[in-house]
Amino acid sequence: MKRIAILGSTGSIGTQALDVIKAHPESFELEVITAHSNAGLLVQQALEFKPNAVVIVREDLYEQVREALQGEDIKVYAGSKALCSVVEMGTVDMVLTAMVGYAGLLPTIRTIKAGKQIALANKETLVVAGQLITDLAKEHGVNIYPVDSEHSAIFQCLAGEFHNPIEKIILTASGGPFRGYKAAELEKVTKAQALKHPNWDMGAKITIDSASLMNKGLEVIEAKWLFGLRNEQIDVVVHPQSIIHSLVQFEDGSIKAQLGLPDMKLPIQYALGYPQRLKSDFPRFSFLDYPQLTFEQPDLETFRNLQLAYEAMAKGGNMPCILNAANEVAVSAFLRDEVSFLGMSDMIESCLAKVAYIANPSYEDYVSTDGEARALAMECKCK
Ligand code: NDP
Ligand code: MG
């Protein structure tokens with residue numbers, strides 16, 4: 001029986017993780033759930049699953065949650081500091097980091113320091129501070145199990161192969177709703193178009209990242225840290241059907257792939273249940289429904305965000321942290337119609353050029369870099 005804390009239980013990954021936990025009462029017990037502002041759903045989940053504790057990050061919503069859970073044997077906390085404390089509870093074995101963005105960094109650090117295992121969906125944390133997080137995890141003997149479908153695919157291909165060196169990995173990308181578009185067409189795309197992903201139903205931020213290919217850029221950096229790879233060992237191929245979730249090539253030239261219908265419940269369940277493969281009733285893939293699986297090169301000239309991510313990874317240090325912060329500001333500005341689709345790349349590029357480079361950042365350096373990049377990105381947006 002694994003006792004689970006879900007940071008971000010009200011989101012796309014969080015709610016699907018609850019479905020997985022509900023389907024396997026023999027394997028999982030829900031200890032903690034947290035939300036940022038969706039107090040209504042958090043309360044509903046708490047009443048259904050009866051966790052030990054809930055956290056609502058927005059402190060102004062504390063009374064609402066506390067009142068709704070009065071009479072229940074459930075502790076209620078509020079604020080971002082509480083997020084960091086609940087992961088340390090003695091009754092928690094594994095933390096699923098399913099919150100979005102940079103806000104995941106500190107709770108992830110505290111989870112590792114408390115020696116709890118991690119199922120990691122919050123890729124931004126590894127993008128911002130991959131070196132720091134992986135060093136810390138090693139020091140505390142904490143395993144980080146990938147939830148992202150591509151990384152889960154690679155992890156599944158590596159089962160039984162952990163002593164065999166990897167020659168390279170190939171991350172697949174759907175290409176998003178604007179695959180094949182050129183800059184002139186991208187100029188005019190709307191928020192509504194960008195929010196319609198052809199294959200996956202996800203939170204707003206990652207959906208925009210998928211449309212701009214920034215998601216693939218973040219995943220390249222995520223893969224580097226999860227699997228200890230050199231930059232040149234990570235390839236990306238566009239595979240519009242999203243059936244092959246990613247591939248590993250070994251030193252003898254053999255390539256292993258993991259396949260399935262695009263459904264995040266499988267990678268979530270694999271991360272939570274590892275090393276066991278738990279029985280599921282998820283829809284099964286059939287080759288006959290997909291007579292053609294196709295592959296193309298990503299268009300780095302048009303989708304500049306992927307190129308910017310490669311460059312940030314190559315420079316290393318605090319560059320990926322700058323990339324992430326500028327992107328978070330750019331995406332929320334795009335979602336408020338304050339910047340155009342292509343304007344997002346301009347904001348990111350400008351921040352990467354202007355924020356001071358730090359080769360070996362400390363935690364404090366990441367915090368100040370994130371703040372500086374956000375402030376600068378806001379300025380770029382206002383122009
Ligand atoms: P959602 O936007 O659907 O959910 C985000 C969750 O995080 C919600 O529970 C939200 O609470 C909470 N949250 C938001 N901001 C904060 C904050 N500042 N502090 C604490 N909690 C916060 O996101 P997704 O589920 O789509 O994505 C979550 C993570 O998983 C991201 O890092 C994403 O890249 C990654 N991921 C997602 C995939 C997917 O299919 N969705 C696939 C692969 C990776 P509230 O609801 O109250 O706002
Ligand atoms: Mg992914």
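Just so it is clear, glycine is given a Cβ too, placed from its N, Cα and C backbone atoms.
The annotation in TrEMBL ties LYS123, SER149, GLU150, SER174, SER210, ASN215, LYS216, GLU219 to 1-deoxy-D-xylulose 5-phosphate, and of the candidates under consideration, HIS24, HIS36, HIS197, the one tied to the same site is HIS197. Just one of GLY176, GLY180, GLY203, GLY217 is listed by TrEMBL for the same NADPH site as THR10, GLY11, SER12, ILE13, ASN38, ASN122, GLU124, and that one is GLY203. Residues distinguished by a CB atom under 6 angstroms from ligand 1 are absent from the binding-site residues GLU150, HIS197, ASN215, GLU219. Nearest by CA distance to ASN122 (NADPH binding site), out of the binding-site residues ASP148, HIS197, ASN215, is ASP148. Taking the Cα atom of each, SER12 (NADPH binding site) and HIS197 (1-deoxy-D-xylulose 5-phosphate binding site) are about 14 angstrom apart.
DSSP assigns GLU124 (NADPH binding site) to a helix. Annotation note: GLY11 (NADPH binding site) sits in a coil segment as assigned by DSSP.
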